[in-house]
Ligand SMILES: [Cu+2]
């Protein structure tokens, strides 16, 4: 593509509402109750000008999880919380942090995994309850077990 076409495409894309894409979200975004699955926490950017140095994920009722190995990062496990520390992940870089999650058979149909993103001395709290909020907690839709 030539530069003009690139510029036009970039301009068109910037007009699209893409809530959540640049934040922290989960892949996949849905799962089944009772399932064991690998969930990627997709980190779209650092905290306002600073590189990411740690991530902490709160585990709600009905969800247990362990952090999988991530090169350059130390997995951290605690009571009701998992995460990674290390990096740093440069502010504008995107990365996936994978956790192996086990969903209880009676887990809620919408599970939120609040994340605290630490960037050196600052932090960004991804804990808002609604998808349209400024800093929504990553969410997982849970379908009934087959
Ligand atoms: Cu964002």
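Even glycines carry a Cβ here, placed using N, Cα and C.
Keep in mind the model is a prediction, meaning the values are calculated, not measured.
For 1-22, the entry in TrEMBL reads signal peptide.
What TrEMBL lists as domain 'YncI copper-binding' is 23-79 (among others). Looking at the domain 'YncI copper-binding' (23-79) alone, the prediction's average pLDDT is 96.
TrEMBL lists 81-142 (among others) with the feature domain 'YncI copper-binding'.
A Cβ distance under 8 Å defines the sequence-distant neighbours of the region 'Disordered' (127-146), meaning residues of its chain 6+ beyond its ends; these are 19-20, 23-26, 29-35, 39, 41, 103, 105, 107-116. Under the heading region 'Disordered', TrEMBL lists 127-146.
Annotation source TrEMBL lists compositional bias 'Basic and acidic residues' at 127-136.
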